[in-house]
Amino acid sequence: MKKYLPRIFIFLTVFWIYFGMATSWSFKPKWALDYFNPLARSLLAGRLNIVNPPISYDLVFVNGKWYAPWGMLPALFLIPIQIIKGRFIPPLYLTLFFAAADVMVFYLLLQRIKREFLPKFTEISLWLVLLLFALGTTHVYVGTLGSVWHVGQMVTNFFGTLSVFFIFKKKRTLKDYFYSICSAGVALLGRATIVLLVLVPAALYARDYLLAGKQRKQGLIGAVFLFGIPLGLFTTVFLTYNWLRFGSIFEYGFRYINESPYLAMIREKNGILSLANLPANIWYMLFEIPRFAWESGLKLHFNLKGNSIFFLTPPLLAIVWANPWKKAEVAALWLAAVVTMIPSLLHYGTGWMQFGYRYTLDITAILVLLSVFGMKGKLNWLYILGIFFSVIVYQMGINALM
């Protein structure tokens, strides 16, 4: 029982802090833009469309029906709640639950890294890094807003972190690979880009089995079943969901989305996924710097299109010292981080309106891990100062948005 106490403490503490921040410490959840409750009700009735939505912003209108462009994963978790309660609940609760669970899983991952990879990574350093992840990255921003975009991201992100947790160890078994692959596969039912985190187990499997001459043949056969069956299953569900809604397995709905004229203009000019969108997205993700001003107190002015993740979370700069050539596990993290961000960087939307760059939530856990490997587990005073700066600046940004 003793070993479970820190996990329970982390879950309850994060849930309470996020709940307080999300409600300006009133602990009375507000109803944000919510399509997942109506979608859950539709799924219960055997429908995929949302009937008579009170608002149609960001919904997709096809063949006289309104659909959500997001995956159905959050709605699936709301179905049993609706059956039990007989009514809708604020989707913020779903965000808070999965955000707290995500931080708890990340804590377990840090413990394993301390035990197996970085013996100089002290217990105090571990808790400081956990503080950074929970309160000094885009995790706290996405986790404290209960609107439809953030709910979908946070619920799916939990499975991405879980995928990395299952496989990121020195002694990996086929069971570890299977759990990791399945967790990444679940992401296809939510935020599809997170499925690309399957590159972590894929890269490690290639190293463990395919690059070893004696096991190459067995490794190839094993890969077909180990990766093919779970990913094939989730991909089939994903494509079927698209086909049933839009008549095409490759249509995700963005061509028909009811959105702001600003975003519609960019989509029509550049396309949904295009290299033309890359410069703007890279700028807002890496180089757009907020500014501080003294206006009856210290204020933070930031661009709602996005802000540099390295300014808001300076400890992430330590990733430049995470050498992918020394550890296969670090190389796998780098590969997954880069490839997973490609679709978001090619997308016509930056995540507006936002504080930070919320699409990087897909790889935030990986970036924090890479920063720890970059420091070789030994946090210096600059890294620690950066942690507290990050926590403060995210608090300021979230307060400004609230």
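Residue numbers in this text run from 1 along the chain shown.
Heads up, the Cβ atoms here are built off N, Cα and C, so glycines get one too.
Record features, source TrEMBL:
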- 7-27: transmembrane segment (TRANSMEM)
- 92-110: transmembrane segment (TRANSMEM)
- 122-142: transmembrane segment (TRANSMEM)
- 148-168: transmembrane segment (TRANSMEM)
- 177-200: transmembrane segment (TRANSMEM)
- 220-244: transmembrane segment (TRANSMEM)
- 308-325: transmembrane segment (TRANSMEM)
- 331-349: transmembrane segment (TRANSMEM)
- 356-375: transmembrane segment (TRANSMEM)
- 381-401: transmembrane segment (TRANSMEM)
Result, the transmembrane segment (331-349) in contact with the transmembrane segment (7-27) (3+ CB pairs under 8 Å): no
Long-range Cβ neighbours of the transmembrane segment (148-168) (under 8 Å; 6 or more residues past either end): 32-36, 58, 68, 70-71, 73-74, 77, 91-92, 94-95, 98-99, 101-102, 105-106, 108-109, 112-113, 139, 142, 176-177, 179-181, 183-184, 186-187, 190-191, 194, 197-198, 200-201, 204, 329, 333, 351, 358, 361-362, 364-366, 369
Result, the transmembrane segment (381-401) in contact with the transmembrane segment (177-200) (3+ CB pairs under 8 Å): no
Interface present between the transmembrane segment (381-401) and the transmembrane segment (308-325) (three or more C-beta pairs under 8 A): yes
Positions whose Cβ lies under 8 angstroms from the transmembrane segment (356-375), at least six residues beyond its ends: 102, 106, 109-110, 113, 117-118, 121, 129, 132-133, 137-139, 141-142, 149-150, 153-154, 157, 160-161, 164, 168, 191, 193-194, 197, 284-285, 306-309, 312, 315-322, 327, 330, 333-334, 336-337, 340-341, 344, 347, 350, 383, 394, 397
